[in-house]
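Engineer: Straight from TrEMBL, here's the annotation block:
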| type | residues | note |
| --- | --- | --- |
| DOMAIN | 5-171 | domain 'CSC1/OSCA1-like N-terminal transmembrane' |
| TRANSMEM | 6-27 | transmembrane segment |
| TRANSMEM | 85-111 | transmembrane segment |
| TRANSMEM | 150-169 | transmembrane segment |
| DOMAIN | 239-281 | domain 'CSC1/OSCA1-like cytosolic' |
| DOMAIN | 292-567 | domain 'CSC1/OSCA1-like 7TM region' |
| TRANSMEM | 297-318 | transmembrane segment |
| TRANSMEM | 353-373 | transmembrane segment |
| TRANSMEM | 393-416 | transmembrane segment |
| TRANSMEM | 494-511 | transmembrane segment |
| TRANSMEM | 547-569 | transmembrane segment |
| TRANSMEM | 575-593 | transmembrane segment |
Amino acid sequence: MDIYALITSVGINIVLCVVLLLLHSILKKLPSNVRVYFGGRLASRKTPNDPICFEKFIPSRSWIVEAFQASEEELLRIGGMDAVVFLRIIVFSIRIFLIVFPIWVCLLLPVNYFGQVKPYDHSLKLNEHYPFETFKPFTIENIKEGSKWLWTYCLALYIITCSACILLYNEYKSIAEMRLAHITGSPTNPSHFTVLVRAIPCSSEESCSDSVQKIFTNDYLSHQMVHRYARVEKPTGDASALVFFKTRYAATVAAQASLFSNSMLWVRNMAPEPQDVYWPNLEIPYRQLWFRKMGTLVAITAFIFLFLYPVAFVQLLAQLEEIEKTYLHRQISFPLLEGLLKKKYMTQLVTGYLPSLILHLAMSTVPPIMMQFSTLEGYISRSGRQKTACYKIFYFTIWNVFFVNAFVGFLIVYYMGAFSSVKDIAAELANAIPRQVCFFMTYVLSYGWTSLACELMQIFSLFYNLGKRFIPRVKDDSCNGTSSFPYHKEVPRLLFFGFLGFTCSILAPPLVPYLTIYFFLAYLVYRNQILNVYVSKYDTGGQFWPVVHNTTIFSLIVSQIIAVGVFGIKRSPVASIFTIPLIICTLIFNEHCRRRFHPIFKNNDEQILIKMDQEDEKSGKMEKIHQLLISAYQQK
């Protein structure tokens with residue numbers, strides 16, 4: 001992919017973004033679209049039958065100003081703590097890339113540009129001087145083997161890693177404190193009094209319900225059996241139950257206590273909050289869960305191998321021009337390829353914009369498929385399904401978009417006969433990622449910039465709303481059908497771009513400005529969506545942050561391991577050796593954070609629960625809470 005193909009992709013994506021933003025600014029002012037662009041605000045109305053003044057939903061200033069000026073307290077009130085944590089991911093990424101950018105400009109850019117064996121000939125065009133990658137003089141590919149300047153990359157890696165760890169620690173500490181405040185300051189949460197018991201053994205002499213009542217005696221209040229398809233007369237095969245306790249502390253003790261030596265019976269966990277329960281999976285027998293996880297693992301593996309085909313096709317398109325030149329050099333005729341690339345604008349479109357578009361469309365199928373896999377695994381909460389889907393999508397994206405693309409690109413270069421010795425193969429492996437910088441740029445443009453514009457536009461909701469207007473007797477603009485924020489789709493996107501930034505900030509720094517712009521745009525767009533569009537149906541209290549922390553540490557470790565390999569191939573043993581302690585220190589830092597903060601997200605602090613129980617007892621609220629528990633969980 002040459003510079004002109006990249007410019008074509010940049011131009012197309014910028015035009016799409018501008019057009020979508022202009023359409024959004026027009027369509028959101030139409031009263032018929034109020035449910036599309038202000039569904040979240042409509043859902044917060046206490047009396048849906050009150051007359052609506054549409055002017056109050058249209059800000060007097062632009063949506064950018066309104067989104068930027070919204071305070072964190074307002075976002076917490078409207079979107080919940082999960083929304084605040086999501087925005088903290090973006091703020092963390094912005095801070096990191098604001099640190100990376102001056103390092104690239106002041107340190108790595110000069111070293112890259114003047115690092116070649118022979119001086120760069122300014123009289124030649126980029127395509128003539130570097131036939132494969134036009135960004136070669138700005139990446140580590142331009143550094144000669146054994147260069148004394150490779151220590152600057154090791155220094156930059158230390159600065160970026162230390163900055164990331166400091167920011168991660170501060171964010172983890174801040175969000176942990178916010179979570180504790182959220183637990184104590186939020187309205188009474190029925191899940192604090194409720195234990196989910198699974199794999200309850202039944203016998204002919206005693207019903208499951210009687211067994212539950214006999215087992216739990218200390219501060220026991222009542223229980224609710226889980227029934228198949230909500231039919232009271234037919235409980236599930238190994239029966240599950242929601243057991244309610246008189247105090248929060250009693251529920252916590254009951255969830256952690258060991259009742260029997262057989263760990264496959266009477267399995268207890270704190271219940272999710274009522275709106276977070278995914279009732280269909282409570283009907284799954286507990287003994288099936290392990291087999292379901294193994295089956296899902298096999299299915300995901302098959303899906304990964306199946307996805308290799310579109311990724312390989314995308315790389316073939318991205319390097320189509322180089323393949324054509326190879327055929328011409330070998331005097332091999334390929335009429336179809338020659339006809340396709342005969343016109344320059346067609347070459348730029350096919351090699352510049354089309355590959356990222358195809359990969360974008362292919363990747364759009366991944367979140368719903370991974371969400372379905374998480375459902376099949378048997379997770380009993382909606383948030384649990386989303387968190388596990390986040391991990392699946394993140395690692396799937398890293399493997400296919402990053403590593404497979406780089407490796408397929410390497411194989412294409414190998415096929416074109418660019419290697420004359422084993423030494424050349426090793427050098428090309430070191431350059432495999434920097435050679436993909438143009439492709440990663442176009443992917444950030446389509447999967448990042450344009451996706452943000454589509455998110456703001458709410459294209460699917462807009463067409464759905466338009467279709468409802470042509471259906472007889474359907475003219476209500478109520479909040480029915482308003483969706484919650486798709487964390488399982490958006491969180492992995494942010495995390496992958498963070499991974500891309502950590503890895504390419506050393507190997508291919510020209511990608512950093514594109515990522516920085518993306519995160520600034522994401523900050524404004526998602527704040528607007530949280531304020532106006534989405535409805536918070538449940539709140540996990542920031543449970544997504546441990547996911548963010550773990551995946552960020554993984555990204556740092558991978559970037560360091562890749563750097564060690566590149567330094568070794570570039571024959572800089574000093575840089576390689578000095579990077580190894582950085583890997584060890586990063587792992588130690590992660591273990592410290594895990595011991596220090598993770599228990600706050602895994603279990604509620606017992607001292608806080610005891611204090612909350614005492615306050616409710618003194619205020620006389622406990623009896624009302626007990627009455628609330630009886631009807632809190634309605635099986636659906």
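Here the Cβ of each residue, glycine as well, is placed from N, Cα and C on the backbone.
No curator has checked TrEMBL annotations; they are predicted automatically.
It should be emphasised that the depicted structure is a prediction, and the values quoted were computed from it without experimental measurement.
Can you walk me through where each of these features ends up in the structure?
Structural biologist: Beyond the transmembrane segment (85-111), the same-chain residues lying 6 or more positions past its ends with a Cβ under 8 Å from any Cβ of the stretch are 75, 138, 143, 149, 152-153, 155-156, 159-160, 163-164, 167-168, 171, 174-175, 485, 487, 490-491, 494-495, 497-498, 501-502, 505-506, 509, 512-513, 515-516, 519-520, 522-523, 526-527, 530, 542, 544-545, 548.
Sequence-remote contacts of a segment are chain residues at least 6 beyond its ends whose Cβ falls under 8 Å from one of its Cβ atoms, and for the domain 'CSC1/OSCA1-like cytosolic' (239-281) they are 189-202, 208-209, 212, 215-216, 218-226, 230, 287, 375, 378-385, 537-540, 603-604, 606, 609-610, 612-613, 622, 626, 629-630, 632-636.
In this model, the domain 'CSC1/OSCA1-like 7TM region' (292-567) carries an average pLDDT of 85.
Through the fold, the transmembrane segment (353-373) approaches residues 5, 8-9, 12-13, 296, 299-300, 303, 307, 310-311, 313-315, 317-318, 385-386, 389, 392-393, 396-397, 401, 439, 442-443, 445-447, 450-451, 486, 488-489, 492 of its own chain, all at least 6 residues removed from its boundaries and within a Cβ separation under 8 Å.
Residues 89-90, 93, 96-97, 100, 103-104, 108-109, 112, 135, 138-140, 153, 156-157, 160, 164, 390, 394, 397-398, 401-402, 433-434, 436-437, 440-441, 444, 448, 518-519, 522, 548, 551-552, 554-556, 558-559, 562-563, 566 of the same chain sit 6 or more residues outside the transmembrane segment (494-511) yet have a Cβ under 8 Å from a Cβ within it.
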Engineer: For the transmembrane segment (150-169), what are the same-chain contacts with Cβ under 8 Å, counting residues 6+ beyond its ends?
Structural biologist: 92, 95-96, 99-100, 103, 107-108, 111, 140, 143, 502, 505-506, 549, 552-553, 556, 559-560, 563, 567, 570, 572, 574-575, 578-579, 582, 586, 589, 593
Engineer: Where else in the chain does the transmembrane segment (393-416) make close Cβ contacts, counting only residues six or more beyond its ends and a cut-off under 8 Å?
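Structural biologist: Non-local partners: 132, 300, 304, 307-308, 311-312, 314-316, 318-319, 322-323, 326, 359, 363, 366-367, 370, 425, 428-429, 432-433, 435-436, 439, 443, 488-489, 492, 495-496, 499-500, 503, 551, 558.
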